[in-house]
Amino acid sequence: MTKRPRNDPEREPHMHHSNALNRLDRLPISRFHKATLLAVSFAYFFEFADINTFATTAPKLIHVWGITVDQIAYVTSLSFVGMFIGSVVAGGLADRWGRKRTLVWTTVFFGLFSFASVFSWDLVSLGVFRILTSAGLSAMTVVAVIYVNEMYPSKVRGKFQAYAIVVGICGTPATNLIASAVVPLSDWSWRLVYLWGSLGLLLVLFTRRLKESPRWHESRGEYDRADAVLREIETRVSAETGPLPEPAPPVVETASTKAPLKLLLQRKYLMPTLLLTVLWVTQTIGFFGYSSWAPTLLAKEGFSVEKSVFYVALTTVGAPLGSYLASLVTDRFERKWCLAGFGTVIALCGLLYGLTFNPVLIVVFGFLVNMFERGYTALGYAYSPELFDTRSRSLGTGVSYGLGRLSNAAGPLIVAALYNTSGYRSVFFFIAGTWLVGAVVLAVFGPLTRGGARSAPGTGPRAGDSPDEGPGTADGQASRSVRKTPSPS
């Protein structure tokens, strides 16, 4: 039997558009949005919980397995290679399978390999499991960012992206506090940290609460399916909040089943891809150069394993506050200026962290680094997908985020080399410089995205561009309005 194309008129005879963007944009916030937020926050929670498990157990492994700082660097570096692979693959999977299904399965993937880490028998086996776990973590993050971007009204999208991070980032201090309690118990108790990280598997319990992105269906020409999902959402929301306002006239994109990698070489996509690559390269090296190494470097400088892990656990309490701070500013001010400002503060506080061995100041400056960095990340998650249209969003977000993660394949080796040759403080001068580079590039080249002005760097907005669709529409042409079709309230 010959399979009809997705946009075959015989298969979908009645729908030529579904107006997904505007129908979603006019919805008031309801239990549907809150349930979606809960599910995404749960996935984020265990993503942030799992991403720090190796950092919190590494000091113990130095004692138990006799591993060196250089070996820790190699495992950490390879983990970021896994993140690169996961983030790039995630874009293709999200375009092929859908946002919802890919979100669930990438979370299950990293949960399974975190569970496998519990049974590691040497550094090589643990390293392999961490690479695979990291691939799943990064893939899940890319898909979650895209999913939130496509499911929430544009006027509150950044806020809800930050809310998800506020809840999710609590996984970091939770993991560090759990690690500080269980790691010192015995020579095997470090394995419990990875067991904790594997609980992301429970996201499958939220599957029925999630709906596939209508905008994904629409981008593939599956207008009837998009309309069916939209009608279900609208029915639930109107039952709770009352009659819905009429949506704005439809904006149509040319249906596309796959965005080829070469698409990003077009100027309108290349410029935001390069900008976001700088954003995620500097964020990845700058933050993970700090968070992945802080417990180990403090232990190497004479602090006990218990104290080094505990001090770092205290600093991560600032992380949820940073995400909440981002939720307050993300839809009020231009995101590029928020990112540049946050990056500058992180550089200063990170440098001061490295210039002191006073326990109180270590906790204070570490707290501020975590607070502003997590705010920076939440802002970056909201900012990144806004620079692409629906067709290129998965690919552009995934590639730029993935290149950022790949850059940290070199980051741990640089940190280890600096520490071994130039000492403890040199590491933090390097990290501060990295953050400043990112802040300056964003300030100079970052496009404005607030209030509908969403153009790719160097292109400028064009007449007819959809405010949501960044540099252009799916086929590179200006969006066009078509005759309005009544939508159910």
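A Cβ is built for glycine as well, from the same backbone N, Cα and C atoms used for every other residue.
Note that TrEMBL annotation is computational and uncurated.
Listed in TrEMBL for this protein:
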- 32-51: transmembrane segment (TRANSMEM)
- 36-450: domain 'Major facilitator superfamily (MFS) profile' (DOMAIN)
- 71-90: transmembrane segment (TRANSMEM)
- 102-121: transmembrane segment (TRANSMEM)
- 127-148: transmembrane segment (TRANSMEM)
- 160-182: transmembrane segment (TRANSMEM)
- 188-206: transmembrane segment (TRANSMEM)
- 269-290: transmembrane segment (TRANSMEM)
- 310-330: transmembrane segment (TRANSMEM)
- 337-355: transmembrane segment (TRANSMEM)
- 403-421: transmembrane segment (TRANSMEM)
- 427-445: transmembrane segment (TRANSMEM)
- 451-489: region 'Disordered' (REGION)
- 476-489: compositional bias 'Polar residues' (COMPBIAS)
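Residues belonging to the domain 'Major facilitator superfamily (MFS) profile' (36-450) score a mean pLDDT of 84 in the model. Fewer than three CB pairs closer than 8 A are found between the transmembrane segment (188-206) and the transmembrane segment (71-90), and contact between the two stretches is not assigned (pairs 6 or more residues apart). With a cut-off of 8 Å on Cβ pairs spaced 6 or more residues apart, the transmembrane segment (403-421) and the transmembrane segment (269-290) reach 3 or more such pairs and are scored as touching. Between the transmembrane segment (427-445) and the transmembrane segment (160-182) there are fewer than 3 Cβ pairs closer than 8 Å, counting only residues 6 or more apart in sequence, so the two stretches are not in contact. Between the transmembrane segment (71-90) and the transmembrane segment (127-148), the number of CB pairs under 8 angstroms, six or more residues apart, is three or more, so the stretches are in contact.
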